[in-house]
């Protein structure tokens, strides 16, 4: 009888095939972080070479996109890399025991992705201003004198969005070894609104305004070279916006699904918990394509970008080997 009960318990405790399969897939996804880091760093260097080239480095949109790619690289190094290293037992000191460190780490997790998208929004606003009539007041945004102010306002806005983490995250008993939100549902709702709804709405609004202006300006006579460069930047920025919006929406849909189901996680099966964890891990890593995509999307969508990148690489090799 005792043997029978023990055998029955072992059968009950044995994980199902679904749980095992999802655990293996989740492990594979977690170990994909180096791929993002390698491609992201290569793209970051490519963007730096290109956006700092004399041909386009004085273009205001180029400056904003360069700031965005710096934010992307910082996001990979300060958010994704530490998360990956936890798989090997390397964690940020005191993050699970110090309230201040917990708040700071979660602030960085919120601030950097927000900053990256905010610079993309700024680049889109810049392209909208460029597509306006020559007499429009929006054209003042294209002045290089305005750039430091616009960058400062963008950083300030992102800081205000990221500061919510300081109020909502803490090392809270009885979970003394975890940095968790003190008000989980409210924190999730604010994150969804500020990190996706507002972003996607602004991106969509200015894309529509750009299309309207471009349609109206087709009969307007412009300087040919300037017009070609502006159209190239408009095309590249709009493509970046579409990819960013798609990735942001898929992440927030999966995130919302996880939050809704996690509220009732104590009353569900292990299979469902495994599905919830797998979906969260998948969405989390797919969202990091946003921090990798910039260079590759620009290369595919802009002939000007490809030409400038080739010239920058050629110039770099000429400087390196020219004196030998």
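Please read every residue number as a count from 1 along the shown chain.
From the backbone N, Cα and C atoms, a Cβ is placed for every residue, glycine too.
TrEMBL does not curate its annotations; it predicts them automatically.
Annotated by TrEMBL as transmembrane segment, the relevant range among 189-211, 212-234 is 189-211. Long-range neighbours of the transmembrane segment (104-125) within the same chain, counting only residues 6 or more positions beyond its ends whose Cβ lies under 8 Å from a Cβ of the stretch, are 61, 64-65, 67-68, 71-72, 74-75, 78-79, 92, 95, 141, 150-151, 154-155, 157-159, 161-166, 169, 179, 191, 194-195, 199, 202-203, 206-207, 210, 237-238, 240-241, 244, 248, 287, 290-291. Between the transmembrane segment (189-211) and the transmembrane segment (35-56) there are fewer than 3 Cβ pairs closer than 8 Å, counting only residues 6 or more apart in sequence, so the two stretches are not in contact.
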